[in-house]
Structures are given as C-alpha cells and as structure tokens.
Amino acid sequence: MEQYHGTTIVSVRRGNQVALGGDGQVTLGNIVMKGTARKVRRIYNGKVLVGFAGSTADAFSLLDRFEAKLEKYQGNLTRAAVDLAKDWRSDRALRRLEAMLITADRETTLVITGNGDVLDPEGGIAAIGSGGAYAQSAAKALVENTELAPRDVVEKALTIAGELCIYTNTNFVIETLE
C-alpha cells in the first residue's frame, strides 16, 4: 500500500516573534486525498506550536507522545524534545514511524527527525516536508532582505513552495507566538 506523504512546514523566528505554518494537502500516491488538513497546531495551553510532516497517523502518534513529554517536563520544550527523541530511537515500534516535527515556544525552535535527532536550526528558520527546501530558501532570502514579520515571511515562503512542489498547496494554517 502506498504511503500518505507530502507537505511543507516552515518556521521563522525574528526578534520576539515566531511563526509556524503549513499547507493543507494530503497526498496518496499521485492523488490529492484532502486539501484542507491542519498540520500546524497550538499545544500545551497555547504556549507551544507544532507542525508535522510525513505519514499522518505516525505524526499524530508522535504528537500525542510529545504533548505527554511537555506535561512531564512542565513545558520545557528542549527536555521534552530530547526525551521524545530518546524514546523514538530506542523503541522498536516508534522507530518505524515516518514523520518529522517542528516545535517552537517563545524562546526555542527545534526540529525533531525520524532518526531521533533534535536540531536547533540556524538563523531562526526551519522547514520540513517535500516543499521544505523551497520554503526554507524563500524564507532565508526574505529574512535577509526584508523587514517582514515572521508571519508574513512564512506565508510568502509557503506560497513559493506551493508554486513549485506538487505535494504542497496554498491552503495555509499559520500560528504565531510573541
């Protein structure tokens, strides 16, 4: 059976603001199954943003576990992410999950990979998914050459990714924290 795949998630941090956005397309093989999926959410009483790419069921499983880790560590994003990554690497069932997460709170942005890596992106920009490289490139250019707010950078970066990546559409969900 073919896997559901394809999306673009991008995060931009500038000053005291962070924005995280994603498109809404879910693809099975060469068929668009849904165009309005919500892959970016607020969790932990609205204090943490999370976006996911990869297999939808796998991403929801990881999201549930990540929320539990945030509760365990009282909202400490880094400790929750590292503990989730440890579990991901050591648990046989979790190792088979095919998803990635970008998480952000007021101070920190982290990418959690399927290999169990926790990465703090350089320059305040992170992107994952099939259109991630397009979105990251666009966001980097916009951050370096404009004074746009993070939300505007995310929207423009997703628009560019949506124009270039066949697995990304232009139905965006964008969340911000200040």
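Just so it is clear, glycine is given a Cβ too, placed from its N, Cα and C backbone atoms.
Now, the feature entries from Swiss-Prot:
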ACT_SITE  Thr7  active site
BINDING   Gly162, Cys165, Thr168  Na(+) binding site
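Features recorded in Swiss-Prot, as mapped to the structure shown.
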residue: Thr7; record: active site; DSSP (3 states): coil
residue: Gly162; record: Na(+) binding site; DSSP (3 states): helix
residue: Thr168; record: Na(+) binding site; DSSP (3 states): coil
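Rounded to a whole number, the distance between the Cα atoms of Cys165 (Na(+) binding site) and Thr7 (active site) is 9 Å. The Cβ centroid of Gly162, Cys165, Thr168 marks the Na(+) site; residues of that chain outside this set whose Cβ lies within 8 Å of it are Thr8, Asp23, Gln25, Ser130, Gly131, Tyr134, Ala135, Leu158, Ala161, Glu163, Leu164, Ile166, Tyr167, Asn169, Thr170, given in sequence order.
Listed in sequence order, Gly6, Thr7, Thr8, Asp23, Gln25, Gly129, Ser130, Gly131, Tyr134, Leu158, Ala161, Gly162 are the same-chain residues six or more apart from Thr168 (Na(+) binding site) with CB atoms under 8 A from its CB. Long-range C-beta contacts of Cys165 (Na(+) binding site), restricted to its own chain and to partners at least six residues apart, with a cutoff below 8 Å, comprise Gly6, Thr8, Ser130, Gly131, Tyr134. The most crowded of the recorded positions listed here (Thr7, Gly162) is Thr7, judged by how many other CB atoms sit within 10 Å of its own CB.
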